[in-house]
Amino acid sequence: MELPESAWEQCVSSLQSELPAQQFNTWIRPLRVQQAEASNQLHLIAPNRFVLDWVNDKFKSRIDELLSSADHHPITSVEISVAPRRSTSFETNQGVAARQKRQQEAPRQNIASSQPSNSYSRQPQQPAVEMPAESQMAQVELLPAAPPAPLNNGYNTESFAQPYNDNPMGQGKVDKVDVEGGLQHKSNLNPTFIFDNFVVGKSNQLGLAAATQVAENPGGSYNPLFIYGGVGLGKTHLMHAVGNALCVRKPGAKVVYLHSERFVADMVKALQLNAINDFKRYYRSVDALLIDDIQFFAGKERSQEEFFHTFNALLEGGQQIILTCDRYPKEINGLEERLKSRFGWGLTVAIEPPELETRVAILKRKAEQVGAPLPNDAAFFIAQRIRSNVRELEGALKRVIANAHFTGRDISVELVREALKDLLALQDRLVSIDNIQRVVAEYYKIKVSDLHSKRRSRSVARPRQVAMYLAKDLTHHSLPEIGEAFGGRDHTTVLHACRKIKEMIESDADIREDVKNLLRTLTT
């Protein structure tokens with residue numbers, strides 16, 4: 001029946017314009033329409049109980065309002081329920097049985113135990129290559145290698161236990177867990193990434209809540225957990241925190257963390273050495289599989305095929321999957337639709353760039369960890385200038401602390417200015433009033449000259465106010481200087497514009513999204 005679906009599409013369109021992108025993508029976008037018995041009824045399916053409860057609590061009344069006033073075919077009855085799921089336990093009897101069945105059915109290769117190695121063979125160093133077909137195996141160049149221990153079939157199966165390492169200094173722990181067949185699972189979790197030292201703010205509180213729930217109830221409703229957001233925002237920290245918590249909760253748990261490119265490299269080598277069954281048995285026998293930067297699967301059809309079956313096997317066995325990505329799953333070009341669909345079966349949460357207060361809290365926490373007193377004014381100064389992500393924030397703090405250490409001075413705003421002068425000078429060149437005006441004009445599809453003009457139509461006045469707000473927020477120019485740059489306006493006009501936009505950011509989702517997008521463009 002098309003009428004309820006048409007009304008829902010109209011409702012979704014309205015909600016998308018009303019809500020911030022993070023809220024819309026997390027709560028509204030995953031909802032699906034189920035066939036209704038009557039034209040005035042609508043049955044929506046939520047992917048899990050968490051989404052169901054949140055939508056009912058926060059958005060149900062607005063959904064009812066929009067659907068009841070839909071054009072031509074109002075909906076008077078709206079029901080939301082949870083999609084039926086298969087296995088939902090971390091270690092259910094069904095999950096264990098399914099895993100044992102897969103292991104028994106997979107033909108065994110000769111597997112020899114060896115000392116852990118970061119490589120597969122003694123071949124020359126080359127990047128990992130996607131394997132399009134078995135007929136091309138001979139052409140594949142392999143990962144760099146150290147001399148491995150002798151293997152019966154030339155295949156170092158322990159290399160599966162050497163995933164992408166985000167901790168090259170060796171601080172991460174590598175936990176081995178023997179499994180049937182001689183393989184060893186190594187978690188490669190960074191022990192410093194735990195929930196206790198994750199700084200929470202508005203930008204990441206949903207991600208933290210979801211990760212905490214997964215750690216307490218792995219393999220449950222939030223499976224898979226898909227965390228997306230820009231670089232350096234804490235996605236990997238949360239992923240490691242869940243893994244570390246699972247290992248504490250269940251000592252000996254087979255928790256494997258790796259980068260998506262490592263999964264590809266393992267599969268390529270397995271294909272070349274005719275050991276694909278070892279590969280399948282290894283990745284499908286874990287308790288939790290944590291894969292970073294899933295967007296690198298894009299365009300790799302053979303890897304996507306194998307991961308698709310691995311994904312299904314793990315969910316069937318009640319084993320937890322956590323994935324991170326730099327964008328919403330539906331926006332990953334080159335990724336099969338069936339994978340995108342499955343990524344939405346659990347819970348999808350976004351991590352946004354931290355707001356000012358969270359950036360200050362992060363700086364204070366990091367400084368405290370290394371025993372460096374950081375005054376509030378210095379912390380706020382750094383946080384106001386470094387906006388894009390936590391990694392850049394930490395990098396700036398390290399420069400400040402090093403400068404204080406080598407000069408024997410206490411940290412102050414003056415010292416921060418000196419330590420970061422190159423970075424601040426670069427920012428001043430990049431974030432100028434002229435640049436702000438150009439970016440805002442392009443964003444709103446108007447001319448820069450319109451921002452200077454006396455025109456007061458809404459299509460020009462609002463972008464002008466946004467540009468003034470950004471100029472005050474991102475530059476050191478005074479209000480009179482900003483007013484002069486916008487057609488010789490009075491400083492009170494600039495002050496009014498800044499106050500107006502600040503209020504609208506709190507109340508208007510469109511303006512809030514516009515300012516967020518413009519800030520991202522101007523500061524990254």
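Quick reminder: no glycine exception, Cβ is built from N, Cα and C everywhere.
According to Swiss-Prot, the protein has these features:
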{"type": "BINDING", "residues": "Gly232, Gly234, Lys235, Thr236", "note": "ATP binding site"}
{"type": "COMPBIAS", "residues": "86-95", "note": "compositional bias 'Polar residues'"}
{"type": "COMPBIAS", "residues": "106-126", "note": "compositional bias 'Polar residues'"}
{"type": "COMPBIAS", "residues": "153-165", "note": "compositional bias 'Polar residues'"}
{"type": "REGION", "residues": "1-73", "note": "region 'Domain I, interacts with DnaA modulators'"}
{"type": "REGION", "residues": "73-187", "note": "region 'Domain II'"}
{"type": "REGION", "residues": "86-173", "note": "region 'Disordered'"}
{"type": "REGION", "residues": "188-404", "note": "region 'Domain III, AAA+ region'"}
{"type": "REGION", "residues": "405-524", "note": "region 'Domain IV, binds dsDNA'"}
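Here the features listed in Swiss-Prot are painted onto the structure.
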residue : record           : Cβ neighbours (10 Å)
Gly232  : ATP binding site : 18
Gly234  : ATP binding site : 26
Lys235  : ATP binding site : 26
Thr236  : ATP binding site : 20
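Summary of the ATP site environment: with the site residues Gly232, Gly234, Lys235, Thr236 set aside, the chain residues having Cβ atoms within 8 Å of the Cβ mean position are Gly229, Val231, Leu233, His237, Leu238, Thr324, Ile351, Val390. Confidence over the region 'Domain IV, binds dsDNA' (405-524), given as mean pLDDT on the 0 to 100 scale, stands at 88. Secondary structure from DSSP puts Gly234 (ATP binding site) in coil.
Counting residues of the region 'Domain IV, binds dsDNA' (405-524) by DSSP class, helix then strand then coil, yields 93 helix, 0 strand, 27 coil. Here the region 'Domain I, interacts with DnaA modulators' (1-73) is broken down by DSSP into helix, strand and coil counts: 44 helix, 9 strand, 20 coil.
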